[in-house]
Amino acid sequence: MAFLIAGAPGMKTTPLTLPADTATSTVAIPNPAHSSSPAASPPRISNSTTRDNASDGPTTFTAPSSLTTSASIFSTAALSTIAPTTPKPSCEEKYMDIPVNYTYTYNENSKTYSVMFASDVQCDSQDCAKMLQNLQECEHRTVNLSHSSCVPPFKQILLETPPDPTKFKLEDCVQPEKANTSLCLRWENSGNFSCDEGKLRYSFQCADKNSTPIGRVFPYGGKPIKPTKEKEFGVENLDPQHTYTCSSQVFYNYRAFASGNKTIETDFASPGTPQDIECSNKSSQEGHVTWKPPNSVFHKFFLCYQSDGDPLCVPLNESLTSYDLKQLKPYTTYHVTLHASVKGKAERNGTKAKCDFRTNAAEPSKVRNIHVSRKTDNSMTVTCTPPTDLNGPPGNYVLKVLIGDSEKKTYLNDTCNFLVKDLSYSTEYTFQVYYKNGQFHGAPESASHSTSYNSHALIIFLIFLIIVTSIALLVVLYKIYDLHKKRSSNLDEQQELVERDDEKQLMNVEPINADVLLETYKRKIADEGRLFLAEFQSIPRVFSKFSIKDARKPFNQNKNRYVDILPYDYNRVELSDINGDAGSNYINASYIDGFKEPRKYIAAQGPRDETIDDFWRMIWEQKATVIVMVTRCEEGNKNKCAEYWPSMEEGSHAYGDVIVEVNEHKRCPDYIIQKLTITNRKEKVNGRAVTHIQFTSWPDHGVPEDPHLLLKLRRRVNAFSNFFSGPIVVHCSAGVGRTGTYIGIDAMLEGLEAENKVDVYGYVVKLRRQRCLMVQVEAQYILIHQALVEYNQFGETEVSLSELHPYLSNLKKRDPPSEPSPLEAEFQRLPSYRSWRTQHIGNQEENKSKNRNSKVIPYDFNRVTLKHELETSKESEHDSDESSDDDSDSEETTRYINASFVMSYWKPEVMIAAQGPLKETIGDFWQMIFQRKVKVIVMLSELKNGDQEDCAQYWEDGKQTYGEVEVHMKDTNKSSAYTLRAFELRHSKRKDPRTVYQYQFHHWNAEELPAEPKELILMIQNLKQKLPKKNSMEGNKYHRNVPLLIHCRDGSQQTGIFCALLNLLESAETEEVIDVFQTVKSLRKARPGMVPTLEQYQFLYDVIASTYPAQNGQVKKKNSQEDKIELEDEVGKTKQDANCVSSPSAPDKASGGDTEDEGSKPTSGPEGPEHSANGPASPALTQSA
């Protein structure tokens, strides 16, 4: 005998399955996986009654299959030992712990339940079967159960039917905005039942298309897991547009009575960004936008555009890739955004693509309210209200004065306010006014007015005016005399100035956030920088409320370099007093606050000979450790600053009590660094280290073209300053213009890094309050903005050799793998500079045939020009230099050749990047080599690449004449990687020959990278020995003498890599740093198509890294000389090693200027025959391994 009670307290039962799509209910089959045999645990006799109450805690239950007969509880042998006379036990006591198996069956038609017991259980009532039919939901029934093996009292159980399953419905509860990455299920019930809702439990399970479960699992799918009270179930972080199947059950007293299934498809993902969006204008009222669709699902586009105010948005069909904007305002900048949209359970928008354009100019509208009034008898004032729509750039108002139909006078003015004089008396005039915006003019507005007759009162007025003027002049003369007299009696007193309110002229200029810095700069620089000019001119040159008494005292006046640039009294640097020396505490220098750092700088004038001692006394007393000199000692034949430091030959020098010793002198292209030690012979303290950095690339007039140079200077200065240093001393000549510019850049970069915004206008005002005329001209004010834009747009890309290897490793890492690597991102930030300068000459019809590649045309501003012919006189080589000066060249006197000047590392020295000559341009090619005095030619291509000619053979064995130049190939030698040829050049109108070397590098296809970069490095090391050993410091924008010419097929593909590599190697050797980004950026500005691919860009990094490998944490340069070949003069062979210099030297004083330091020798004199320093005149071929 066995009882199995399902649904009793603590008992788990198999779920009742009620499909939603059928009218009849079915009973779920009990799961044998969760059954256990009661035979393993003998029954416990108890008088307690088992009731059907719910419990939260799961307990094990026994499946009915193990309790079908009494034999499954007791074995046959055990039963045979019971004496026949033994009374039968009470069913309640003996089997109170044996569960009874029964099942609910729901009838949807009658909305009732029925109960069925196992076959071995008997109901102790004749009406039992009837009683257990037609049970209502939530009904409670007590049933007595009996069995043949036991006697009353019988086992009593309490039946409690579940709620009506049709009142429960499984719903999708996901929020539309989350439907693309999550799902949600929730059981809804009407609540219209009397069952205890606390006994309801729920289970959920979902799986993807591969039947892999997600979220929770069913409680009976594996290990027993009890259902929970949570009727809602959700899963997040799903994939969009994927299908998931879900099942769920509802339990009452842990007995399943309702279930449901759902198939859910997640919503669409947000679409991607439209690609390659471009905006252009079609007319004054139309624009054109093109794009490529994103690589994702979308249903439509939204295109929005605005000039000011709210944007206008247009929904577009998903198939469109262009759109015309119409009914726009003329000469108006429009900001366009485009994003894709997808509509599923919710509408999702992708990231916006942006572009800007400006419509063309159009005819302005009429001027309004023209008004003519008589000013005198024969003069008129004509005014009007500006037109409502200018429809173009700012222009002029035009006034035409007519008598009848005859035009008499025409006036132009920036404002509509004209004074028309010298008209005829008593004459009627017609005044026509219209506005002209530079391209179009509007329709005229007219008004008529008559002049008056000639009045005698005018003569009386003039007599009166003469008398008044005479009296006023006498008064002024008397005042001048009186002031002069007072000033003579007391020269110490400051001249009183007329008070003015400097603050009122200041503008309210908001700080600029970093994310709009570039756009703000573009807006302000537009229209010839009028917004910048307005801001700059609003700043007072001098704040009159600050006194300048000390600087004007007689004994201090000779200490000032300029009479109008004097420090304010309140913040001037005061030196210690020297007894008996009036004015000994004065120096023309001011304390300047940095970004949230008081007195971070000292802005000083360049020392005069009379103030050098005072300057070093200031350095000592202020504990300064860094001096930034932003001038050369002489510029444009004018003395800008005394040379206040000792030369390397002198070693040390005493300036008053301060002894200055030079320990190290290092020249770089844009600056000179000197390590100094200063001591004071009156103070018994250790000497102090002072670093002197002189920036030498500031032009005589204007500002540096590349703001990156000042960012580089700032990096060097900050590398030498530290927290314990005194103020940074910055000076130029006057200590205001360049000094203020450098301080402004340094302070504003700190602000940009700290607050992600800059207030340039506010800081320049602050500078002017601390020293007059700081940031002296508008170009310097704009340069501060340009440096900030450069830094914000491109960041820091310079890396030292000691950090190169880990830095490059990090550059190549992708984190996450789907995102571009930092190296790729850096390359993508490189500006292309396509069409940034004009290319008119190379695109002229007569010159098109001289170009190998129509996409590689030299820019006009730096193209190499050729004179038609040289002078016939036999002047010296030195004199011929003057004849080839670029400044005198004009389009009529020069010929075209596809070649560009490219800046070398040792500025202002340049190289020539040229295409491989065509057959018809060979003569021009040699003429260029002769006129520019080229020493070395680097050829990076073969003559042919398959069937395509890459370069015409511009040399022959023996002698060959090309135009006026005779070329004699003297020698040839080959290595495994390159061929070295020596040519002797003679001009028909010159007496002296020249030697030119050609290095032809082999095995480098234009579409690929060199297979063995080390061979290219070896060739570079070899050819550098043929170049002049000193830089030419003439200061011209482009030198007449260009020692190096590089060419490949088009003068860009391989040439760009070579030029970049050459400059990077020079930088690594000289400064032990490289900046691949800025090097390539400079080349792209010089010639189209330079270093166009990421592979070439990475190649530059890799070659430098392999040239300077890391060994034991230190960088060591490879020094291999295999396959080195030389063309040597046997007579001068012993001097060869002494004359080989790997990097050019430079004079100490005037880098890029007009002068040289003392002791430096001229770079070159008149050229004579070639000698061993520049290559043998008659080379003998040798090869050294």
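The backbone N, Cα and C atoms fix where each Cβ goes, glycine too.
Positions annotated as region 'Disordered' by TrEMBL: 26-64 (among others).
Positions annotated as compositional bias 'Polar residues' by TrEMBL: 49-64.
With a cut-off of 8 Å between Cβ atoms, the residues of this chain six or more beyond the transmembrane segment (457-478) that come close are 376-377. Positions annotated as transmembrane segment by TrEMBL: 457-478.
Per-residue pLDDT, averaged across the domain 'Tyrosine specific protein phosphatases' (711-782), gives 96. Per TrEMBL, the feature domain 'Tyrosine specific protein phosphatases' maps to 711-782 (among others).
Under the heading region 'Disordered', TrEMBL lists 870-893 (among others).
The annotation domain 'Tyrosine specific protein phosphatases' is assigned in TrEMBL to 1014-1098 (among others).
What TrEMBL records for 1111-1185 (among others) is region 'Disordered'.
Remark: secondary structure over the domain 'Tyrosine specific protein phosphatases' (1014-1098) totals 48 helix, 8 strand, 29 coil, with classes taken from DSSP. Residues of the domain 'Tyrosine specific protein phosphatases' (711-782) grouped by DSSP class, helix first, strand second and coil last, total 45 helix, 6 strand, 21 coil.
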